[in-house]
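Single-structure report; data block below.
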Amino acid sequence: MGDMANSSIEFHPKPQQQRDVPQAGGFGCTLAELRTLMELRGAEALQKIEEAYGDVSGLCRRLKTSPTEGLADNTNDLEKRRQIYGQNFIPPKQPKTFLQLVWEALQDVTLIILEVAAIVSLGLSFYAPPGEESEACGNVSGGAEDEGEAEAGWIEGAAILLSVICVVLVTAFNDWSKEKQFRGLQSRIEQEQKFTVIRNGQLLQVPVAALVVGDIAQVKYGDLLPADGVLIQANDLKIDESSLTGESDHVRKSADKDPMLLSGTHVMEGSGRMVVTAVGVNSQTGIIFTLLGAGGEEEEKKDKKGKQQDGAMESSQTKAKKQDGAVAMEMQPLKSAEGGEMEEREKKKANAPKKEKSVLQGKLTKLAVQIGKAGLVMSAITVIILVLYFVIETFVVEGRTWLAECTPVYVQYFVKFFIIGVTVLVVAVPEGLPLAVTISLAYSVKKMMKDNNLVRHLDACETMGNATAICSDKTGTLTTNRMTVVQSYLGDTHYKEIPAPSALTPKILDLLVHAISINSAYTTKILPPEKEGALPRQVGNKTECALLGFVLDLKRDFQPVREQIPEDKLYKVYTFNSVRKSMSTVIRMPDGGFRLFSKGASEILLKKCTNILNSNGELRGFRPRDRDDMVRKIIEPMACDGLRTICIAYRDFSAGQEPDWDNENEVVGDLTCIAVVGIEDPVRPEVPEAIRKCQRAGITVRMVTGDNINTARAIAAKCGIIQPGEDFLCLEGKEFNRRIRNEKGEIEQERLDKVWPKLRVLARSSPTDKHTLVKGIIDSTTGEQRQVVAVTGDGTNDGPALKKADVGFAMGIAGTDVAKEASDIILTDDNFTSIVKAVMWGRNVYDSISKFLQFQLTVNVVAVIVAFTGACITQDSPLKAVQMLWVNLIMDTFASLALATEPPTESLLLRKPYGRDKPLISRTMMKNILGHAVYQLAIIFTLLFVGELFFDIDSGRNAPLHSPPSEHYTIIFNTFVMMQLFNEINARKIHGERNVFDGIFSNPIFCTIVLGTFGIQIVIVQFGGKPFSCSPLSTEQWLWCLFVGVGELVWGQVIATIPTSQLKCLKEAGHGPGKDEMTDEELAEGEEEIDHAERELRRGQILWFRGLNRIQTQIRVVKAFRSSLYEGLEKPESKTSIHNFMATPEFLINDYTHNIPLIDDTDVDENEERLRAPPPPSPNQNNNAIDSGIYLTTHVTKSATSSVFSSSPGSPLHSVETSL
């Protein structure tokens, strides 16, 4: 049989090697022997098997297993195997305890500085700078000593320590809940991943962790191999081993050439059967993980940030990051055939920047920079005004000279002014934003699980809210994927229902039963129903299940045929793939000849038919004219009824004329048509309504299918994707390519832009067509807004399109492991309606963040202006240090929790998507922010300057330093908090709706937080005393504060009345970053790709990491210094009490990147290194040409970037290589 792709081993070991040597636990192989064997490849491996075991059957005997029956499924035997050979599981790293996480949080440099600052401020509260009593220094040096000074200083130090404790606890809790959520998600995915094995002669689906050495495993297209093994039998098997070897080409496997299969590799084509020889830490991938894990722990001690040590491990292709902040690990290629050049190329690809899909992150980045700039300008102006005010008053108005002894006092003032400037900057940054984004995404992801959406990449959740187009598969997503044959053409007769067996000639019936039974995957079966009265269970490929069901409907059974001709007796198999669109199987006949059975798409296979069986079962000629008649009279009517048409044919080869089996075109030709069947796959009843919802929501749904154009059009009409009378396009793949390519065969974006807006159905399409369409829509700039595209996929070849899409949906039931790995969200029920729910949740996330932004920016605008004017006019702040701590730390945190957990409503689907370019802060939101800021500032300044007259109380404006808290400033603080509390209710609506209470009781978290905050505020005001700079208020004063707060709701209605369109002066904010703002260095990254979307979003990632994190870190560091410096230099009795305002410890959640990716958590340093890496060289400058290597390039890069999720050492081996 030579080079046959389908090779099976004849089990005849050599006589001298038939003696099985009993070894470990009664088995004939030791663990070390098997590990050594699996390190070999190709001819070397075959030679070793031959020398040591005779052949694969000898190896099976040594392992006490049967190549056809498998293990006996005996619990004791399985347990014994686990003890001797290990279990298919990598021992998990122990989760960190809460105290360990607290200790880690304390290691933060900023917090250490804050801790030191707190201790120093406690010590310095008793320190008096020299020269403060000197008359020569003028009135700046103050007057009488205050007894409460030491106490007040102690309170300031305690306030800083309190803020540190709060930050540490919140950070530790965040990390703990993140780790818990990740482990929960990981274990759920692990339980769902199963693999097919043969035990007791029965095909069983077992969890991958239950695989043992000696199991006989069925390998099929799309599988991710969970263990190492040796092939027993293979049909046209091709494996992608790039994850281990760095070899990008698919490797053909056969029992007589290269039988070694490795865990973590993907089956790209064909099927087969293997005996498992190594599992868990003893498999090739497991050995690498173990080595890396050991190196990782040492490395972790050296470098907490997880930077990778140079050396052997850097030449890796696959990167597997440990989720819990551990070291990023890289797999070293095993014996790569390509040598150093290949290795270098793969390394560059592995280090290439990961595609960042999040539209939201780009907008938040831009907004953060805008806010930062505004804050910087305000703070600079504040410092300049204060310094000028002080210098003019001291040295010009009072005519004093600079004395050496007064220098510490003057320096103290200058430091104080600088601190005020920094405070204005700090107040300007919305610290609660990272937390709001984290909470909103984490909350949504958890809830989306109940809606059958398993989110693998967090940013996909919010990106889905912006989706403008969905490219959906037909089978299983829009349809039920329970297929049945309802029409057939047999023996010159078109049957509209299942024919009676007696109506068919025995020869036709016999040929049909054999063609279907043999030329189908033997793993595909029809099993009895689980419950009485239920439908029979379909296991395996659904189209083949329909054909096997047809055999049963004809009162025949396929199982006896399969027993008569077992799988290892099949001579040659041409497996189905997206290029062939057919499957063919060759068997040897008793007379020494061969018979080929073939099945496939009718219009493709009929072209290869030269004969057809007539009503008597005899051959008659089948000319092109006959074929055209058949297409017109049989196939088109079936297709117009929405049926998939499959042709079943055969061909006989006489004993003397064995063809060249590798010449497929010659072998699968000159066929005789047995039958054409029409298979029905009913539309899911809930799909038409779901598509209507999408269309109302401004989302265009397109169907991309491999089916016949008429079938696709009929199903699209049933679903509501196309409506009668609409101007739309339904194209076949060939026509689509003709329209979008130029004379040279290159894709032109201009041509694509003429096709895709009207395209609704793409039939007879290949995965490349799907990728081309998705890329073309994403890259297009023709419409009013850039498109955000979601794609569904289930096949191995859908990987490139799923990766390219903004959001890739894989099928949880029908999807292959490869498709799941490439996806962002897995639909656990394979249902289109779940995509609509994902849109709803995505829009909800976007709105939640916008709500929080509206609330937070109102607080920030007011606080900045109050701080600025307070410092410049009264040289004091109405809001004291600990009060600011309460507002910034507690209210922002609580508000982010309250606004980020709003449940989604159907009304979210009644508006158009935002798209890529829509700003984060709309003009309506800007109107709300500025409108409420005007109201709040008017109230606060009125209270500040005339409040004491209105309430008939003492003014707090000119109170000496460290004097008891005044009622005046307490009223201002209380009113400020009340206004924020009621404005939080206003912030629930961001599109100008009037009823801000709509659905408020459906969110118990919001109600609890608002009431809880109000309760704590009462405690602070009435019993806070000196630590909170509060004086108890009377009932009347409380009622006035509440009255002003409720005024926010009334004022909100006034603002809603003003039409936004009339306010031309309002600008939107928070657009996505534009190309013109990018640096040359950033533009150089990924230069070979003509992909503006990726370029734009990659820049968002760079800015986010480099910009916001650094700004926030610098702010926190300066703030920490501010607190300690101030306490050291504070003049004891300055009438200008800026002191209380300045030592405001703020709550800042640690870096955005640290908090957001609960699932896809990547270390900042690691990301920065990746982002600075040079772009990978383009394999082919013409990215649009047919041969541009789209698939290979995308796939190779993915293994470096997508294994983030898998790398938790707790995952079983099957998930070592996937993002799952």
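All residue numbers here begin at 1 and follow the chain in the order shown.
Placement of Cβ uses the backbone N, Cα and C atoms for every residue, glycine included.
Here is what Swiss-Prot records for this protein:
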- 1-23: region 'Disordered' (REGION)
- 1-20: compositional bias 'Polar residues' (COMPBIAS)
- 1-97: topological domain 'Cytoplasmic' (TOPO_DOM)
- Ser8: phosphoserine (MOD_RES)
- 98-118: transmembrane segment (TRANSMEM)
- 156-176: transmembrane segment (TRANSMEM)
- 177-364: topological domain 'Cytoplasmic' (TOPO_DOM)
- 298-355: region 'Disordered' (REGION)
- 365-384: transmembrane segment (TRANSMEM)
- 418-435: transmembrane segment (TRANSMEM)
- 436-849: topological domain 'Cytoplasmic' (TOPO_DOM)
- Asp794, Asp798: Mg(2+) binding site (BINDING)
- 850-869: transmembrane segment (TRANSMEM)
- 880-900: transmembrane segment (TRANSMEM)
- 901-920: topological domain 'Cytoplasmic' (TOPO_DOM)
- 921-943: transmembrane segment (TRANSMEM)
- 962-983: transmembrane segment (TRANSMEM)
- 984-1002: topological domain 'Cytoplasmic' (TOPO_DOM)
- 1003-1024: transmembrane segment (TRANSMEM)
- 1035-1056: transmembrane segment (TRANSMEM)
- 1057-1220: topological domain 'Cytoplasmic' (TOPO_DOM)
- 1097-1114: region 'Calmodulin-binding subdomain A' (REGION)
- 1115-1124: region 'Calmodulin-binding subdomain B' (REGION)
- 1166-1186: region 'Disordered' (REGION)
Cβ contacts of Asp794 (Mg(2+) binding site) (under 8 Å, same chain, 6 or more positions away): Asp473, Gly476, Ala810, Met811, Ala814, Gly815, Thr816, Ala819, Asp830
Contact ranking winner - 365-384, 921-943, 1035-1056 against the transmembrane segment (850-869), Cβ under 8 Å: 921-943
Counts of helix, strand and coil residues, the topological domain 'Cytoplasmic' (901-920), according to DSSP: 5 helix, 0 strand, 15 coil
Counts by DSSP class (helix H/G/I, strand E/B, coil) across the topological domain 'Cytoplasmic' (984-1002): 6 helix, 0 strand, 13 coil
Neighbour tally for Asp798 (Mg(2+) binding site), based on other Cβ positions within 10 Å of its Cβ: 29
Surrounding residues of the topological domain 'Cytoplasmic' (984-1002) on its own chain - C-beta under 8 Å, 6+ positions past either end: 847, 850-852, 854-855, 858, 895, 898-899, 902-903, 905, 911, 922, 924-925, 928, 932, 1010, 1048-1049, 1052-1053, 1056, 1060
Beyond the flanks of the topological domain 'Cytoplasmic' (901-920) by at least 6 residues, Cβ under 8 Å: 359-360, 363-364, 367, 439-440, 443, 447, 465-468, 693-694, 696-699, 785-788, 836, 839-841, 843-844, 846-851, 853, 988, 991, 999, 1002-1003, 1005-1006, 1068-1072, 1093
